[in-house]
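Enquirer: Take this structure, written in structure tokens, and hold onto it; I'll ask about it next.
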Amino acid sequence: MASSVYLCLLRAVFLVCFVNPLIQGLSEDESVFQNPHHQQEENLTGLPIVTFKWHHVETPYLVIIWVFVAGLAKLSVVELNHHVISVVPESGLLIILGFILGGIVWGADRAQTFKLLPPTFFYYLLPQIILDASYFMPNKLFFSNLGAILIYAIFGTCWNAATVGLSLWGCYEAGVMGNLDIGLLQFLLFGSLIAAVDPVAVIAVFEEVHVNEVLFILVFGESLLNDGVTVVLYNVFDAFVALGGPRIDAAEIFKGIFSFVVVAFGGSFLGIGFAILLSLLTRCTKHIQIIEAGFVFVVGYLAYLTAEMLSLSAILSITFCGICCQKYVNANMDEKSVTTVRHAMKLLANGSETMIFLFLGVTAIDTEIWVWNTGFILLTLLFVFIYRIIGTFLFTWMLNKFRLVPIEVIDQVVMSYGGLRGAVAYGLAALLDEDKIPEKNLMISTTLIVVYFTVILQGITMKPLVQWLKVKRAAHSDLKLIEKLNNRAFDHILAAVEDICGRIGDNWWTRGWNRFEENYISWLLMKPKARKNRDYLFSIFHKLNLEDAINYVSEGERQGSLAFSRSDEAANVDFKKQFGSEFADVMPNIMVDMSNYELGIEHFSVTSIVKDTIPSVSLDIHGQDRKNAMDDINAHHLLQQHLYRSRKHQHRHKYSRSHFSINQNEDEVQEIFQRTMRSRLESFKSTKMGVNPAKKITKHHKKELTHKVVDLPFDKTGAINSTFMRDTYTVGAGIENPVFLPDMDSPTHSPPWLMETEAVAPSQRAQRRLPWTPNRLRRLAPMRISTCSTDSFLMADVSLTLEEHEEHSQTDHVEM
Amino acid sequence: MGSTNSTLLKIPNVEVLMQETGLKLVAEENCLNVSPAHIIRLHDRFKALDKEGRGHLCPHDFGAIKELAMNPIGDRIIGAFFSPGKETVDFHTFVKILAHFRPVDKDRPKEPNSPEPINSRSNKLKFAFQLYDQDKDGKISRDELLQVLRAMLGMQVTDEQLESIADRTIQEADLDRDDTISFEEFRKSLEKINIDHKMSIRFLR
């Protein structure tokens, strides 16, 4: 711990001593350097070996330096939070750090050369945060609460703007604020820019306080959607201020209201249009998987800029683009691209947020903008706070009359307290025209103070408040199959009852929409392959199996090797000791699965392992050979799998900025999966298969099928074995194992399990109990194994095992 | 209110009905209590379903509802209306079953002696449980679960996969290891789900 503190200090020192003076020196000396350069050109007496070309790289260099500084700042802040106290939320700490940095810059420069300029903020820093928020938005939750969100966003914001503006004006008229060159319209303008709850701040603060989903989505959804209102109000009042008081009549007001409709809905539909474009694009990008992830960002940004160009609500546009495209893009894109998008989005969003808060701090250290008017500032703070509370309670009261599950009082308190203002308000304030609004600096100062107050103070106190009020926290829902099953059942039940009652309830709309979406929209926007893999319950089941697989493998490593797969009882006991009863049931069976997997078997109990490995009962020579092969494979596995770390169930907390842990292991899951399947391929190839066994298979298949259920009474789990499900063989002419066909190049092109035909012949073991067929894997939802993968391992293994088992191919296999 | 009253009088035993199901007669100030319009609406619906005007419904009346046929567990729900052995459903039973889906009254005063209202969480769960447990032995056996799963999962899931899912589901919920899910285990496994929300129809308040 001490070391990291030292690291922080070191970093701070670095920042202070080196980076900033460097910047200062460079920017100051810029003019100096230009002249010598010209002089040098004229007085060039000899060849300059090295020249200092600051002015060539100035702009990008400064940008990068600041990004670097922001990164270091975030690092320091996070370390601080981990090791010292985590009382102040990260955003607050970043602002404070920004103060320090701003102080340094100002100290060197006597002027604030690095400010958060509105164009930078609105065009380069904000879009990715909104895109990230909307791309990971829990759609179902969002849309089911959409009514409430809209009420808060539209009416709440209007209420806030109106009341704050009018109250301030009232106080001004009452003379509390002294002499200001300001009028009613300007107060209203100010009210509209300070009224909006800021998504960046909300994410930053609520991320660390895990409140229940509904509460979060209400606050967060409101912060996203209120941009539509804010933009309209701001522009309307800005125009009114420019027009001047007397020219405003009913027509103008009506135009203002109409513009709201156009801006808000226009922005949303534009976003939806871009989402459709994006989905269609990803549908066709099968062959350029390497860059398809980029499309998400590019199209998202396009949506934002296009809306901005058309003076529609840019935030709404990019929000709806993200919300609508998530499902299709995730289904269409290759797994790796999906992961890339996730990681890249989080990176960009995190980075932007850091920079925004840092610059919010830096910008404050500037003597030019600060105008202090006690009355104005304090009253603003007061009104913003009070009217937020009043507004929230008022609208919630109205909403609860219509909601199925009313919003509780405690949640309302948190909602009103969570009305944080942030950089958007500052950006809008900085955009004000000084000529039209002489008191611009006062407004900027006030906005900054409000932002600091909400982010820092309310951020600090949010967590204790939530704990004190015993707010319902986010439910750590494990992905239990029975819960999912019942959820689905309840949906059906509700639907049926609604049908019986003959009334159109909420569910009717949802169902109608789902049907429409499934039939038409998905058909248009999703790849056909992706559409087939959509069965919900099955994908849950599949995910659960994979998690078990991970746990199993990681346990194997911890044990040192997969040796336990060769022993029997002992390993079981270990598991029980380590995991307690929770895993004990599942683990032994999985363990058994795993090892027998290589032998191509699924159902079994612990004892059957013993049978299999001891080369006495069934397989004789071949069993021994297989055991050796297994050793080999185990060793291989051990080495390769050493890279993985164990994963436990991580709760599905989706709203975190820095963690999106639900499927973090997907990539590794896939790889483990691939490897184990590869080993299965090897075991298949270790037997000689021709056309004949086909008949044997069907016979035994039917026999074994009936026996199966009886045989293994205590086989309780699906676990991994079910992924390798037995196939109902359609009795064809035979089963071609491409491995043994004359053209041996097919395995190297694509693994058999990816081929459409029944390409894998079962091993002799498999004839007794049939293993899964790889092509059935297509049924397993999101698992996608890239057909173009250049797995050198695969090819190496293929050739290796082919050689190894060539001599064994002569062996006769006895039917069991 | 006059016409409402007269319509209400046509429904036999209407006071008893309202008492049992909680659908109140008088609209109170508390906005959670409902107007008698619901009983009337349900009565109208009952009459609309009962095409032959016999005063009671039989299974094929329910079958006439098209969307219900497309519901994977539609037939089970229809079955839930009919008590074992009976072939018909009268209005009384109809409303009683539907009353399961009223949103839970949070403000209900807790009287220790009065029977639990039909739309309590526990009764909702019992209703759902009965949908699974067709033979009414108080436990969901593996076969019954399989049947439900088969109904709810798409056709591309093979039988073996289905069986694994069923096995795994039972394993998750089954605490006493008897390979069946009793009501208590069922209830426990659904602790985290907001039953009030999931099994309530708003307009039946």
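Backbone N, Cα and C define each Cβ position, glycine as well.
The domain 'Cation/H+ exchanger transmembrane' annotation in TrEMBL covers A:81-468. Per TrEMBL, signal peptide is recorded for A:1-25. As annotated by TrEMBL, transmembrane segment applies to A:61-80, A:92-108, A:120-137, A:149-170, A:182-206, A:215-237, A:257-281, A:288-304, A:371-397, A:442-460.
Explain the structural surroundings of these features, please.
Expert: Within the same chain, residues 15-16, 20-21, 23-24, 69, 73-74, 76-77, 80-81, 114, 354, 357-366, 452, 455-456, 459-460 sit at least 6 positions outside the transmembrane segment (A:92-108) and bring their C-beta atoms closer than 8 Å to a C-beta of that stretch.
Sequence-remote contacts of a segment are chain residues at least 6 beyond its ends whose Cβ falls under 8 Å from one of its Cβ atoms, and for the transmembrane segment (A:149-170) they are 142, 184, 187-192, 194-197, 217-218, 221-222, 224-226, 228-230, 233, 376, 379-380, 383-384, 387-388, 390-392, 394-395, 398-399.
Distant neighbours of the transmembrane segment (A:182-206): 89-91, 126, 129-130, 133, 157, 160-166, 168-169, 172, 216, 219-220, 222-224, 226-227, 229-230, 233-234, 237-238, 240-241, 245, 315, 353, 356-357, 380, 384, 418-425, 428-429, 432, 437-439, 443, 446-447, 450-451, 454-455, 458-459, 462, 655, 657; these residues of the same chain sit at least 6 beyond its ends, with a Cβ under 8 Å from one of its Cβ atoms.
If you look at the transmembrane segment (A:215-237), the same-chain residues 6 or more away from its ends with a CB under 8 A from one of its CBs are 130, 133-134, 138, 141-142, 145-146, 148-150, 152-154, 156-158, 161, 185, 188-189, 192-193, 195-199, 202-203, 206, 256, 259-260, 263-264, 267-268, 311, 313-316, 319, 407, 411, 414-415, 418-419, 424, 428, 471-472, 474, 655.
Within its own chain, the transmembrane segment (A:371-397) is flanked in space by residues 151-152, 155-156, 159-160, 163-164, 167-168, 171, 176-178, 180, 194-195, 407, 412, 415-416, 419, 421, 439, 441-442, 445-446, 449-450, 453, which lie at least six positions past its ends and keep a Cβ under 8 Å from the stretch.
Beyond its flanks by at least six residues, the transmembrane segment (A:442-460) meets 87-89, 91-92, 95-96, 180, 190, 193-194, 201, 204-205, 357, 360, 363-364, 369-373, 376-377, 380-381, 384, 417-423, 425-426, 429-430, 432 of its own chain at Cβ-Cβ distances under 8 Å.
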